[in-house]
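What TrEMBL records for 1-23, 149-170 is region 'Disordered'. Feature annotation from TrEMBL assigns domain 'Rhodanese' to 7-76. Per TrEMBL, the feature compositional bias 'Basic and acidic residues' maps to 9-23.
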Amino acid sequence: MSPTPTVPSKDHAPRRAHRATAEELEKVTELKGEGRRVLVTGASGMLGAAVARLLRDRGWTVRLMQRSAAPLAAEEGFEQVLGSVSDPEAVGKALDRVDDIVHLAAKVSFAGEWEEFVRTNVTGTRVILESARLAGVRNVVFVSSPSVAHQGSSIQGDGAEPADPHGARGNYARSKAAAELLALEADSPGLKVTAIRPHIVWGPGDTQLVERIVDRAARGRLPILDDGAALIDTTYIDNAAEAIVRALERIDVSHGEAFVVTNGQPRPVGEIIALMCKAGSVAPPTRKVPSGVAKLAGRAIEKVWAVKPGKDEPPMTEFLAEQLSTAHWFDQKRTHEVLGWKPAVTIEEGMDRLKSYYTRNPLPVVAEVRQKRLEKVRRKVS
């Protein structure tokens, strides 16, 4: 494959994208899964697994691709191919007899070297797209993020603004923005491509967001920035998965565009954190830190992490401080119109499901903190 710049130049003018008309939306014929094979990359993650199961239930033969074996592959109705999305040979083999692709594989982190993000997020997407053309694949749903168009200021009622790898904050967002531009540039009559941007996906089994919030809150390491009043949109896992599958089913009208997906229920970030903590049976954080202080601390921590990275995510980064202190809620009218989709599970119902899950599967930190409290009481008594 010929070398290509990682990030398009600032003066790069993307070609005119397809945008379905009202007439096209009215007459659309939806794709059916029966007799079709779909490749799902990144199915070892919570969202990828939910999408794969939903596609299987809708009639697709589902082939999973990830670097190591996914627990999901043991379930009935799945095929599995091991390999990296940045490896053209591995991707080529995975695309044998495949009709459609849902591409979720990505490096998701608040820290890390730029080259690491490029390898998976940009190069991996380019390999998927070029291999799809060679294999005769007709449809690709690229799973992106609203962060690709976020430049640090509040988002209040915006739609899916253009991805901007030069303005996006942090290596993850920059690399996903570059990848989304590649994906939408590849959209053509022979290879239809849609980008879906789910925002802050959470639900039972979530180790990336909920578990970290609950764990850090239990250990007293999670501050609330300012007053926790910034309004944010979040997305319950089942709603995000359904929107992604709808994008594939309606790709005749969804292709060529990016769509933001959320629950459409903006809440103060402090309230969301408190609800997640309650579901996990820990007390919500009460310590408040000015966002300006958190951003400065985040910059300093990033510098330390660059020299001596920790085993887990850094406790704070400038990007994370911005996310926790600025409004992020969206206008999804276009999403609803084109995908024929609206969220079915409310935040309240989702939190109830989350609490039920943690009642059956309590996090280790809950027992650990309780034990420490008991020991503290015993020491006082003795």
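A Cβ is built for glycine as well, from the same backbone N, Cα and C atoms used for every other residue.
A quick note: this is a predicted structure, and the numbers were derived from the prediction, not measured.
In terms of DSSP helix, strand and coil, the region 'Disordered' (149-170) has 2 helix, 4 strand, 16 coil. For the domain 'Rhodanese' (7-76), the DSSP counts in helix, strand and coil order read 22 helix, 11 strand, 37 coil.
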